[in-house]
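Accompanying notes for the structure given below.
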Amino acid sequence: MPSSFFFEDASDDELELIRNQEDSSEEDVKEGEAEEHEAGEDEDGEEEYEEEDDDEEEEDEKRKRDADAQSPWDFASYSSSVGEEHARRHTTSIDEKISKAIQHRPVPISINEEEEEEEEEEDASDAETDKQEEYLSEDDEAAEYKPEDATPKPFFSTVDGVSFHADTFMELNLSRPLLRACETLGYKKPTPIQAACIPLALTGRDLCASAITGSGKTAAFALPTLERLLFRPKRVFATRVLILTPTRELAVQIHSMIQNLAQFTDIKCGLIVGGLSVREQEVVLRSMPDIVVATPGRMIDHLRNSMSVDLDDLAVLILDEADRLLQTGFATEITELVRLCPKRRQTMLFSATMTEEVKELVKLSLNKPLRLSADPSARRPPGLTEEVVRIRRTREANQEAVLLSLCTRTFKSKVIIFSGTKQAAHRLKILFGLAGLKAAELHGNLTQAQRLDSLELFRKQEVDFLIATDVAARGLDIIGVQTVINYACPREIDSYVHRVGRTARAGREGYAVTFVTDSDRSLLKVIAKKVGSKLKSRVIPEQSIVKWSQIIDEMEDQYSAVISAERDERALRKAEMEFAKAENMLEHRDEIYARPKRTWFMTEKEKKLVAQAEKDSAGNPAGGELVSADRAEDLKMKEKRKREREKNLPRKKRRKLEAAREMLEDNEGEEEEEDEEGDEKRGRSRGKDKKKQETDKKGLTLKDLGYMRAKAVKAKQRAIDSGKMERPKPDKKQSRSKPRNQPRGEEMKDLFKSDMGEKKQGRGGAAAAAKPRTKSKNSFKSKARYKRR
């Protein structure tokens, strides 16, 4: 059977058990259908006597039930943990601080009256506000935009005969427990990417799939994986599937969806992400879950330090949002995880913006992968309406007023606002709260529980606006999002596609509004040409912008009060943490020092190089040349070759190098602080001067010094041989040894003549030198006469 590609053949007892489970589940499905049919007949009989108002209410309730049934995830368990977290830390939420600031210094903001005035103004200025001009004409778009070649690269296998159409999930050879789960979640007809991927994934082929946002890519890899796990050897507990994602929220969503799809099976799934308890995750990994959904960093941490999991039995590796995982920052971690995985495995890559570069794919050791692209002609959702709001150079300071005017006039609920930075997201959250608008924030400065709580509040529609960074741009399936506002214009094409993909999902309609400054205008044109979308311009009344600018100026004092309260609370929290740490060290000193030190697969220097490469890559605008992951990989290989050369050194030299390196690592923190202070005083130096300053501060190791001297000697010798440099002349000041014109004895006599007597001086005269020297008679006497006879 194809589904047992990597697993042992199931025994007869196991197959019989699975058949019994499927038969029972089929009976349950039939019984449920019969009950629904009977209930439907009763309702049909009663509907004849009901009023029209009751029918509308029932339809609304039915829509709500359908929306709830299709929701793939639920973060309600984290809402209570946020309150416990604030109680444990003795802190208050940002909403409490905002309400307190409003009570102490209220500002007269009458949004309702303002809306009434604006509605009266809209009638007079309809020609201005509703006038929308195409940002790109159709002729320009047809001439300048050229769709990418859909032919597969030689690296990929051919996909002849692959069908992107299926009427029901039963046509995809799925078991009854999975069909029952799909029916419970409200999945009736497979999407094109699901119809193409599920049959191929069941055969164990490597896949590289892409489709538009909201097309059901998660179910496309989750359903075939669960189908294969139904036929696993159940007596052998092991982790057989690893799913990697770039963000924690996406990992939590995938974990929740897999649990819903596997609710009628015995398959276990574990969640391993940062921000949650490490000890609890170790317990989960020791139980050997069949599927692990993780972020790369935390998974490597457990593999190296917890000793509670290994990847020896891994059969399937899945990379969701693969293009982001293969970029700088994640590439080294993904390469390390792939190195730890068995070579005989199935690898699947999924993303809405999959690149055709094969360098990164080759690193993953893919085996003749299939390149699948559903809806290649539709580069964006068909129900998406894209608009731009131009921010003039003289009005860039009023961008917040433009946003508030837009959110109070046109888009009043189910809106995601991408702020660009964490600081901007937090400021907008406070301003929205002071203006009386219900909003939640989502960015990296929040704890993991707070981030998940914000998503849950927005999903339940308890707040109307979600102000987020690009953390929420990828993969999150939030049903009912009507509008996406790019408060900060995206710098890359992929970022724009993923941001606007949060709305108009699964055939629904949605709006995407982008704020464009003069510096972003040319960039957005490039994005529009390559994505293939037609952007239209929206004009906001000047009077509304001026009014909100005045309101924001009046709210600055309240904003400062909230920021001051947060700063004081943060300082108090830091002092409490330091006190608790010192107390814990005194109480559990021996236990803490007995723990092994946590390790990482990269040194501190390599971490800094990768971080710098990621920063350079993020700083380049879209359309420019991005810094690839090869730079970080080359730097890592250079360091590896240096370490290999060090191993061949003598033992004493090697020990000296290790000692020097340890001293440098210990003093890194102090040196960084000195560097920052120096940069603030003197300004940042560039090029060779900066390298020279860093070298002078940090010093050189013996190895580096030896390399530099050897290079200098070789360069000098090459210059002399080529004639570029004259051979150095000997130094005249250097003392030379004089040739000896007299014997050694005469020389010594001349030196010590004053200390010698006349008799000794006479022995060495000219006559003595001319007369041949003869032995004295008494110079040697034989001792033979003294011998015994």
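Cβ atoms are placed via backbone N, Cα and C, with glycine included.
Range annotated as motif 'DEAD box' by Swiss-Prot, chosen from 8-11, 132-135, 320-323: 320-323. Applying DSSP to the motif 'Q motif' (167-195) sorts its residues as follows: 18 helix, 0 strand, 11 coil. DSSP assigns Lys217 (ATP binding site) to a helical segment in the three-state reduction. The secondary structure of Ala211 (ATP binding site), as reduced to three states from DSSP, is coil rather than helix or strand. For Ala211 (ATP binding site), the number of other Cβ atoms no farther than 10 Å from its own Cβ, over all displayed protein chains, is 26. The highest number of surrounding Cβ atoms within 10 Å, among the binding-site residues Ile212, Thr218, is found at Ile212.
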